[in-house]
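A.B. asks: Have a look at the structure that comes next, please.
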Amino acid sequence: MPELPEVETVRAGLTPHLTGRQIKAVTVREPRLRWPVDPDLSAKLAGLEVRTVERRAKYLLIGFGHEQWLIVHLGMSGSVRVLPDDTPPQKHDHLDFILDDGHLVRYHDPRRFGAVLWHLGPPDSHPLLSRLGPEPLSDGFDATGLLHALAGRRQALKVALMDNAVVVGVGNIYANESLFEAGLDPRRPALSLTADEAGQLVQSVRHTLARAIAAGGSTLRDFRDAIGKPGYFQQDYAVYGRQGQSCPRCGGLVERCRLGQRSTFFCPACQR
């Protein structure tokens, strides 16, 4: 599933191609995504100018002014590409947004777990966004807030870190990598975190995500950015997917367990 760095990479790639462009038409080949595509979407978008391309958690937010928004989620394997407007559609190319400059924005989603939603009003008023926690790269994510969010939580620290009510966008890959950088055992109870450890974890999450964004995200299977390029952060994983290999910090062996039904990778010698 595309995580925050991948969605931010797509947002950055879309921005210069979309901002200031007008939507001429929308082609919907398959409306049955995770939630049905608005049957009147083409009529609602035709003639509107894109004012902004933003991101909240793992959602792309395309704004047209006057509180008119498209909320896009890539699901498990979705992608959004900018292509010449005469590019023939392929299998799983479900929507095209035809622009006024000879290009289109194509939504591709083999598993149809993603979403393209029309919303009137502030984005944070949408039910999918209204209860999200702070952005990890913003000032709203700090040690004090993290400790407050984890107070009373006996679940594993990694599971809590992946909860969007605690902080948004820290998916499985980046939770593993952030906890390794912070030297924290993903299995320990979330409520056991000290103030100093919370500060270190905040910095590690920010540093890990910033590095991943700079590398264009991670491409493990099929992720591509808005112009079709893969990400490269997977080349720098310290622990994720490295069970039985040497820890880059101490030389011990990376172990694997399951927490919250997700594979978890860590160094038992380095992470306490």
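Backbone N, Cα and C atoms are what each Cβ position is placed from, and that goes for glycine too.
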A.B. asks: Looking at 98-132, 203-237, 238-272, which one is zinc finger according to Swiss-Prot?
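C.D. replies: Checking Swiss-Prot against the ranges 98-132, 203-237, 238-272, the zinc finger one is 238-272.
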A.B. asks: Near Glu3 (active site, proton donor) in space, meaning Cα within 10 angstroms, which of the recorded positions do we find among Lys58, His92, Arg262?
C.D. replies: Lys58
A.B. asks: Of the active-site residues Pro2, Lys58, Arg262, which one sits closest to Arg111 (DNA binding site) when you measure Cα to Cα?
C.D. replies: Pro2
A.B. asks: So what sits near Lys58 (active site, proton donor) in its own chain, CB-to-CB under 8 Å and at least six residues off in sequence?
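C.D. replies: Listed in sequence order, they are Met1, Pro2, Glu3, Leu4, Val7, His73, Leu74, Val168, Gly169, Gly171.
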A.B. asks: Can you grab the distance from His92 (DNA binding site) over to Arg262 (active site, proton donor)? Cα atoms, rounded to a whole Å.
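C.D. replies: Taking the Cα atoms only, His92 (DNA binding site) lies 27 Å from Arg262 (active site, proton donor).
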A.B. asks: Specify the count of other C-beta atoms within 10 Å of the C-beta of Pro2 (active site, schiff-base intermediate with DNA).
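C.D. replies: Pro2 (active site, schiff-base intermediate with DNA) is surrounded by 27 other Cβ atoms within 10 Å.
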A.B. asks: Measuring Cα to Cα, how far is Arg153 (DNA binding site) from Arg262 (active site, proton donor) in Å?
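C.D. replies: If we compare the Cα positions of Arg153 (DNA binding site) and Arg262 (active site, proton donor), the gap is 18 Å.
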